[in-house]
Amino acid sequence: MNTLWSALLVGFGGSIGTLLRYGIGRLATANGKPGFYGTLFVNLTGSLAMGVFIGLQLEQEHLEIYAIAGIGILGGFTTYSTLNVQKATMFAKGPKRTLVFYLVATYVGGFVFTASGVGLGYLIHT
Amino acid sequence: MKIAIGIAIAGFLGAVARYGAGFLFPYDAGSTGFPWATLFINLSGSFLLGSLTGWLMRRNDLAWLGEVFGTGFLGSFTTFSAFNGQMWQLWEHHAYAQAMSYLLLSAVGGWLLAMVGLRWGRGKPL
């Protein structure tokens, strides 16, 4: 697979993932939820899906699908910049309990979701 | 509708930029190599989004720029799914020191850079 073609696949997936993340963020705030709910949702579900892809050996066995779905869609769907700006904003103002909840849910939750996804992926793969 | 098209294009470009940055720091997921590329992407993206968010606090007329460049481009450029995938791979290879360093650099470093960016964007001294 040449580099230009993979870059196009990654970009195409990135558009889809980004639009989904934007839509979910809009939906969360439209329902009166705090802004970080949307980010937490995309980051946790995206980490679960990344784990499944690792378990399925997608990067080793189906590189084109991995370029669209793994690097493109999941990379565009999940985000780290918004997470860090939210951490900074919540630290400056707002209840510290919410910040602690957000940190634990994101980092512990993200790792547990990825690990569970890997297990699930292995089961499907073998 | 116009904003969705802008976000889709920005998401495309953000994902391609992330894919391209991966070539600057080659990383082999099958070894215990350190994921420098993703770290660089997530740290620089957090600083840029902080700066943009801070600057937009002074410019109420440019909310679309925050959605297209912030949510679209920087949101797609940075990634949480790859971060967790790499955390899992380091863990699986018993590279616990690397995993802990990666977690701290990403989580604390990105947080600090977002705070510095927010201050700088609002026109306050660093």
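Backbone N, Cα and C define each Cβ position, glycine as well.
Per TrEMBL, Na(+) binding site is recorded for B:Gly75, B:Thr78. What TrEMBL records for B:33-55, B:62-83, B:95-118 is transmembrane segment.
Among residues of the same chain six or more beyond the transmembrane segment (B:95-118), those with a C-beta under 8 A of the stretch's C-beta atoms are 32, 34-35, 39, 42-43, 46-54, 83, 86-87, 126. On its own chain, B:Gly75 (Na(+) binding site) has B:Gly11, B:Gly14, B:Leu49 as residues at least 6 apart in sequence with a Cβ closer than 8 Å to its own Cβ.
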